Amino acid sequence: MANSGIQLLGFALSLVGVIALIVGTILPQWKMSAHVGDNIITAVAMYQGLWMSCAFQSTGQLQCKIYDSILQLDGTLQATRALMIVGIIVSIAGLGVATMGMKCTTCGGNNKMWKSRTAMTGGVILLVGALCALVACSWFAHNLIRAFYNPYSPVNTKFEFGAAIFIAWGGSFLDLLGGAMLASSCPRSKKPVPKYPVMSGVSALSPSSSTKEYV
């Protein structure tokens, strides 16, 4: 059976990872305006996220606008948003399943085999959710890098990484690590131990043969 300390550590890492995924998904700083070329000094900094775009002025005023229509968004943003939502929902479900299988909980009674398999199932679900979020962040980053180095893109429309994508990346890695720890609670099959030791090479004498008399 897996150590309960490993289960607690894996659950804590996954919980922190899910919180980071939620925070990273909500924040609008997935990409920010890049200060390159003639755009070194500017009075307005642009931020774009999965749900809104913001403009931060040098006076300290922040103005945000939620995207009006989903159909007007490009496919990359729609796919990233969908994968992040799926990853969060699946990870929360994995945390719920893992809670029932942890040794420190009373769910399932004293059936250690059932609890270990439940914790392993929760870990596998967490791995799936973490992979969804990791794919979403990596895909978004790939398209952002490709657009940044595109020579046909205007300088004033280039963007670089924002803080939110790093938060989401960190959350997905923590979720992945915690799910792997919980998935290691897979019970090992033990070989049945005989009740009485078997003596090899020595044949046991039956009671009838021991009482036989020879003349």
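Placement of Cβ uses the backbone N, Cα and C atoms for every residue, glycine included.
Note that this is a predicted model, so its numbers are computed, not measured.
Residues or ranges marked as transmembrane segment by TrEMBL: 6-27, 39-59, 79-98, 119-141, 161-183.
Only residues 6 or more beyond the boundaries of the transmembrane segment (79-98), in the same chain, are considered here, and those with a CB under 8 A from a CB of the stretch are 7, 10-11, 14-15, 17-18, 21-22, 24-25, 50-51, 118-119, 121-133, 135-137, 139-140, 168, 172, 175, 179, 182. Through the fold, the transmembrane segment (161-183) approaches residues 6-7, 9-21, 23-25, 27-32, 47, 49, 84, 87, 91, 94, 98, 119-120, 122-127, 129-131, 133-134, 136-137, 140-141, 144 of its own chain, all at least 6 residues removed from its boundaries and within a Cβ separation under 8 Å.
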